[in-house]
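One structure is given below, encoded as structure tokens.
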């Protein structure tokens, strides 16, 4: 294990930026965005330096650690605040700081009319620092600090325009649903401490072999709960659509490229737990499979361009979770899809932001149309992302998504066939709704509002989009060339024998492309051959109506959790008022009542007191007389 | 003479005093009745001293006299002050604390 002193700068630089920007206040309004971008970029620089150092070492010596300070030391329980940079973290570090820096640059222009731009950059820097801590922590407890930090940053950024009550509510919803997941993580840490006695990755990995399967399954399920919360997976997925209330760069960075993929990181990082707990691993796969269809179905009905992309994010993360649940063969592909998705989805979100920028912040795709001629650069970059997410060769998604589909088919038995069909179906639906987004936004006739004057965005906005588009085109090819990423990550995972192949890769690719072609064709027939109504039609099938309402996820949560919760609270309030307050008031009443009775004795007349004393004394003497 | 007779006298004097305290309204009379009770007690102490043939009872009687003297000083002062401010020495009128 190599040690290094420079890891901390990865986190310290953006954290310093956030601190300065938040403390300096309005004084920093003129240069705040520049400082924020600089801090993010220098963190990226440190990341590149670390990568170059790592490449120059042999496979076993690649992980780097740095002990910051002794954090908790109680008896045999010791937790150091320490950082760990290995082959897995470096992928995330470069994704977070790289895409993060591009989005900082984009935001300089996108947020230029907002008088709170400095605060926005402070939060962005805070997010980068927290996310880096999440992926660099060397124990679950350190990871937890970053995990909470990104939750906070996400809350602050979703509610950045909290002067609108709906946006403030959206941020609250995201925070509360995330808290449910966070509870899972804290339970996992507690169970790990109680059964294994340590919470560091290294320690748990060492002891995982002789820990009971039951304990590992419990830890695994709790980690899965955490992942579903942060990554918007079923059943804690409902917050992601509303999270689109935040500024579009936030949606691109936090709710597409990085934070929502933290669940995938958590599961991949905990591979030693999931490999030893098949039940938990199966649950991971089921959650992934459900969510990838769930998100895709929501995506087909959304008219809001950002919400359609959010549903797509949910679905794509479903693919990653599914891949991560397939065990050692799937981890690397999950991470590969995560990286390529980071490029193309962030690019598409920035494209959506660019469209909104030119269309007076209109998000309804039914009011777009024919923007191809007015925003050629946005069209091209968005289009490249579109081809990437569809999985058209040789774009990025072709390499990463097809690998997950192939691994799903080859996972063996009935499970493999079901998963394979689900992932293929997901690919088809993805093609349908993404084609729908493309057609509604960029082609056909214009359905704009009267005051819309679409125009191409300035260079600070289209340059990051262009760079991400290059990534969407090339990242898949580069990462899978000679199994580069798989071999890079291989030392982290335990290897099992090769699985038998149910279907040859070429067959899987063919099937996937056929599904994509069907999806595209259906969307083309439905939205390009027919006129698109500028107002969403009402006379639609019941399925469309349900999909428009996010497959009733909010109604379900409301009926199952919120209403009973409200009943419970009101019952508790009634109990408090009547039983607890009643008892307290009763005691007071008793004292008051007996007091007013006894008060009659205190007449204020000296003679009556004297008579009472006399009678009392007489009675006392009589009593003594009788007793003796 | 039988010493018990002194005790009967003492009990009689005490009873007269006690009844006086309870039934009379005039503070001075109430005060005198209290003195009567104290002296009834003194008489009982001295009688017991004679019956037992030691001096303990007589010693206590002297203490009682001292206490009675002090009580007279303080009590009369209070009664005079109340009379000056209220033009009345009735104990029933002096129930201001209650109101």
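Residue 1 is the first one shown; counting continues down the chain.
Cβ from N, Cα, C; glycine included.
TrEMBL has this to say about the protein:
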type	residues	note
TRANSMEM	A:6-24	transmembrane segment
DOMAIN	A:71-121	domain 'NADH-Ubiquinone oxidoreductase (complex I) chain 5 N-terminal'
TRANSMEM	A:87-108	transmembrane segment
TRANSMEM	A:120-137	transmembrane segment
DOMAIN	A:139-423	domain 'NADH:quinone oxidoreductase/Mrp antiporter transmembrane'
TRANSMEM	A:183-201	transmembrane segment
TRANSMEM	A:207-229	transmembrane segment
TRANSMEM	A:250-268	transmembrane segment
TRANSMEM	A:280-301	transmembrane segment
TRANSMEM	A:374-396	transmembrane segment
TRANSMEM	A:416-439	transmembrane segment
TRANSMEM	A:459-482	transmembrane segment
TRANSMEM	A:502-525	transmembrane segment
TRANSMEM	A:609-627	transmembrane segment
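Listed as Cβ neighbours of the transmembrane segment (A:459-482) (distance under 8 Å, sequence separation of 6 or more from its ends, same chain) are residues 99, 102-103, 105-106, 108-110, 336, 339-340, 343-344, 346-347, 350-351, 353-354, 357, 377-378, 380-382, 384-385, 387-388, 394-400, 403. Ranking A:183-201, A:207-229, A:416-439 by CB pairs under 8 A with the transmembrane segment (A:502-525) puts A:416-439 at the top. Between the transmembrane segment (A:280-301) and the transmembrane segment (A:207-229), the number of CB pairs under 8 angstroms, six or more residues apart, is three or more, so the stretches are in contact. Spatially, the transmembrane segment (A:6-24) is adjacent to the transmembrane segment (A:120-137); three or more Cβ-Cβ distances between them are under 8 Å for residues at least 6 apart in sequence. Averaged across the domain 'NADH-Ubiquinone oxidoreductase (complex I) chain 5 N-terminal' (A:71-121), pLDDT in this predicted model comes to 89. Beyond its flanks by at least six residues, the transmembrane segment (A:374-396) meets 312, 316, 340-341, 343-345, 347-348, 350-352, 354-355, 358, 402, 427, 430-431, 434-435, 437-438, 441-442, 454-457, 462, 465-466, 468-469, 471-477, 509, 512-513, 516, 520 of its own chain at Cβ-Cβ distances under 8 Å. Counting residues 6+ beyond its ends, the transmembrane segment (A:207-229) has Cβ neighbours under 8 Å at 147, 177-185, 187-188, 191-192, 195-198, 235-237, 262-264, 266-267, 270, 272-274, 276-277, 279-281, 283-284, 287, 321 in the same chain.
With DSSP classes pooled into helix, strand and coil, the tally for the domain 'NADH-Ubiquinone oxidoreductase (complex I) chain 5 N-terminal' (A:71-121) is 29 helix, 13 strand, 9 coil.
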